[in-house]
């Protein structure tokens, strides 16, 4: 019942919180309540005042008023420690499912007063504390658990403080419009995937590189010194430069049809692993999905495009 009530409450909170890249903490979005020590202090204050009234004890009244003054000062300074800060959320790069994503939260202090013990986290019980110097910025990092592929909205972030006496806590919630792309979890397929291989003719099978010596040609201005054939020059054959070639292997298309007989999420994980393996081996590869086909390619951008398509499938 308590969990259900919390879920309903935070759903109501999320509807009221605007999605903002940068949020300024001010009177309208900062909340403050006593901590458990604050409630204890309030109870002691009531007992002191009641006892002092019954026994007409001036020292008791003095102690009670001192506690009351400390409480009022705590309310003011705790609220002031949070007010005026600007909170900016910066998402990290994409991650694979079950890996932790990183959310960077930047606290910007444009005022002349230093801020102490600002807690940043997903809940008030799991925050990391940072100090923010006057007219400066501080960065807090939050780890986010990922469970499923696709776009994951950045969760609600709480900023809180109990400075200076720990008897009151001020806090505010922040929501960011960013989403983190979560790639499918790669799982090796238990059987070889059937791929469509595209052979490359002999004229395309080799390209200029630095693996195998292919030819000697006349030296041209700008050729690297290490490619000059000095032995030929010593034999008075003139300056010659070495030409090298790399062998380019076959192209392959990774097709959904090769894993279609598996459960969908498992099939996506198998294709994800196959894409990573092809990229690691520096092969030229393409991807054929039920509603999308990605042309042959290679490199980080091509890999991201393939993994994104699998994540959103």
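Every residue, even glycine, has its Cβ placed from backbone N, Cα and C.
In TrEMBL, annotation is done automatically, which means it is predicted and not curated.
Checked against TrEMBL, the range among 4-22, 61-79 recorded as transmembrane segment is 61-79. Feature annotation (TrEMBL): of 37-55, 94-112, the stretch labelled transmembrane segment is 37-55. If one looks beyond the transmembrane segment (61-79) by at least 6 residues along the same chain, the residues whose Cβ comes under 8 Å of a Cβ in the stretch are 30, 32, 38, 41-42, 44-45, 48-49, 52, 161-165, 167-170. For the transmembrane segment (37-55), the residues of the chain that approach it from at least six positions outside its boundaries are 61, 63-64, 67-68, 70-71, 74, 166-169, judged by C-beta separation under 8 angstroms.
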